Amino acid sequence: MAEMSSCKDWKPFMAMIAIEFAFATVNILLKEVLEHGMNDLVFITYRLSISAVFLAPFGHFFERKSRPKLTVGILCCLFISAVVGTSVTQFLFLLGIRHTSATFACAFINMVPVITFMMALPFGLEKVNIKRNSGKAKVAGTLVCIAGGILLIVYKGVPLFNRSNSKSETQNHSHSTEKWTLGCIALTAGTLFWSSWFVIQSNISKRYPCQYTSTAIVTFFGAIQSAVLSLCTSRQLSIWIPKGKIEFISILYAGMIGSGLCYVGMAWCVKKKGPVFTAAFSPLVQIMAAMLDIPILHEQLYLGSLLGSITVIVGLYILLWGKDKEMQNCSSKVAQAAEDSLSRETRQQDTKEQETQLEVITVSCDSSHPRDQVA
């Protein structure tokens with residue numbers, strides 16, 4: 001029984017590791033697609049459309065018996081979730097990746113858990129007791145993580161690899177300062193939107209706990225939003241035609257895996273473990289992306305990106321240490337309360353047994369008394 005419980009506890013961990021690896025692969029493919037000149041919003045529209053079509057049958061067959069009725073309120077929440085979690089957020093991250101790099105963009109994702117934690121506080125999803133060490137660690141981790149984010153934005157630093165044939169040098173010595181700044185702004189906005197999605201998803205998971213159906217609806221709304229944005233920014237029909245095998249592969253993979261199964265998995269993890277736990281695995285994206293990005297695509301890594309990423313990760317795990325200590329304290333309190341309750345119940349039961357025994361003795365004495373009188 002204990003082994004089964006341990007296996008269930010590990011499922012969210014394993015799911016999030018697989019999800020972050022899939023996201024890292026998506027980021028690498030996105031960078032390649034953008035290098036080939038594909039329109040950002042067209043890619044997002046195709047990606048989300050494929051995701052909706054891919055997930056709809058799963059929702060129909062697996063959740064049709066347990067699916068609650070869709071209300072206007074739930075549909076509004078799903079529409080907002082599409083804005084902050086798919087269409088606008090993906091556009092901002094694609095814009096950031098275009099003007100920086102996949103590894104640098106993943107560094108911004110490291111701030112998502114801390115921003116999610118700060119956003120969850122007003123809604124009561126997270127609490128901070130500054131008198132305890134766990135509360136102090138949460139505050140300290142948040143401040144360190146914010147400092148790392150600021151370092152990422154304001155300091156680029158020197159390149160750490162000397163590559164004469166790197167893409168960075170062949171393209172006018174990497175990105176200009178203006179493009180790098182624009183990429184940082186886009187990534188900052190995308191990080192804020194992405195953090196908001198976890199908080200909104202926490203509410204959706206309680207009101208509509210059907211991951212396949214809700215994700216299919218969200219990606220459907222996101223596809224419509226992206227298509228409208230694309231048509232507003234460009235009327236050229238030629239941008240809607242994929243060019244080359246890499247674009248087809250990237251669209252299919254990003255749609256079915258990146259925006260399909262990954263979103264389903266994250267929604268499930270938010271339901272099981274909460275928004276901060278799910279967001280806490282974000283640093284794995286950067287590590288995995290760097291393992292693919294630097295040796296395969298020959299992207300450059302800068303000192304500012306490295307220092308900022310290290311600072312963000314240190315702050316993140318200070319925050320997670322505080323959260324873990326807080327959960328341990330809560331567990332010990334619950335265990336102590338259960339033990340006290342059991343002790344009270346045992347004492348009450350013993351008292352009742354004693355009272356019952358006294359009543360039996362009293363009745364026995366009363367019943368024997370008339371016979372003595374007759375005698």
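Note: Cβ is positioned from N, Cα and C throughout, glycine not excepted.
TrEMBL does not curate its annotations; it predicts them automatically.
What TrEMBL records for 341-355 is compositional bias 'Basic and acidic residues'.
Per-class residue totals from DSSP over the domain 'EamA' (14-152), listed helix then strand then coil: 111 helix, 0 strand, 28 coil. Residues or ranges marked as domain 'EamA' in TrEMBL: 14-152 (among others).
Here TrEMBL flags 182-320 (among others) as domain 'EamA'.
Taken from TrEMBL, the feature region 'Disordered' covers 340-375.
The transmembrane segment feature in TrEMBL is assigned to 12-30 (among others).
The feature transmembrane segment is assigned by TrEMBL to 42-62 (among others). Beyond the ends of the transmembrane segment (42-62), by six or more residues, the same chain brings 30, 33, 86-87, 90-91, 94, 210, 212-213, 215-217, 219-220, 222-223, 226-227, 230, 239-240, 242, 250-252, 254-256, 258-260, 263-264 to within a C-beta distance below 8 angstroms of the stretch.
Taken from TrEMBL, the feature transmembrane segment covers 74-96 (among others).
What TrEMBL lists as transmembrane segment is 102-125 (among others). Taking Cβ pairs closer than 8 Å, the transmembrane segment (102-125) reaches residues 24, 27-28, 30-31, 93, 96, 138, 141-142, 145-146, 148-149, 152, 183, 187-188, 190-192, 194-196, 198-199, 202, 274-276, 279-280, 282-283, 285-286, 289-290, 293-294, 297, 299, 301-302, 305, 308-309, 312-313, 315-316, 319-320 in its own chain, all 6 or more past its ends.
Under the heading transmembrane segment, TrEMBL lists 137-155 (among others). Sequence-distant neighbours of the transmembrane segment (137-155) (same chain, 6+ residues past either end, Cβ-Cβ under 8 Å): 104, 107-108, 110-111, 114, 117-118, 128, 130, 184, 188, 303-305, 307-323, 325-326.
Summarising the annotation, TrEMBL assigns transmembrane segment to 180-200 (among others). Sequence-distant neighbours of the transmembrane segment (180-200) (same chain, 6+ residues past either end, Cβ-Cβ under 8 Å): 77, 80-81, 83-85, 88-90, 92-93, 95-100, 104-105, 108-109, 111-112, 115-116, 119-120, 123, 125, 149, 152-153, 156, 270, 275-276, 278-279.
With a cut-off of 8 Å between Cβ atoms, the residues of this chain six or more beyond the transmembrane segment (212-231) that come close are 39, 41-42, 44-45, 48-49, 51-52, 55-56, 58-59, 62-63, 67, 75, 78-79, 81-83, 85-88, 90-91, 204, 239, 259-260, 263-264, 267. Under the heading transmembrane segment, TrEMBL lists 212-231 (among others).
Look at TrEMBL and you will find 251-270 (among others) tagged as transmembrane segment.
Look at TrEMBL and you will find 277-296 (among others) tagged as transmembrane segment.
Taken from TrEMBL, the feature transmembrane segment applies to 302-322 (among others). Within the same chain, residues 103-104, 107, 110-111, 113-114, 117, 133-138, 140-149, 151-152, 155-160, 280, 282-283, 286 sit at least 6 positions outside the transmembrane segment (302-322) and bring their C-beta atoms closer than 8 Å to a C-beta of that stretch.
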- Over the domain 'EamA' (182-320), what does the predicted model average in pLDDT? 81
- Query: Taking residues 6+ outside the transmembrane segment (251-270), which of them lie with a CB under 8 Å of any CB in it?
  - Reply: 12, 15-16, 18-19, 22-23, 25-26, 29-30, 43, 46-51, 54-55, 58, 85-86, 198, 201-202, 204-205, 211-212, 214-215, 218-219, 222, 242, 277-278
- Item | DSSP-derived helix, strand and coil totals, residue by residue, for the domain 'EamA' (182-320) | 120 helix, 1 strand, 18 coil
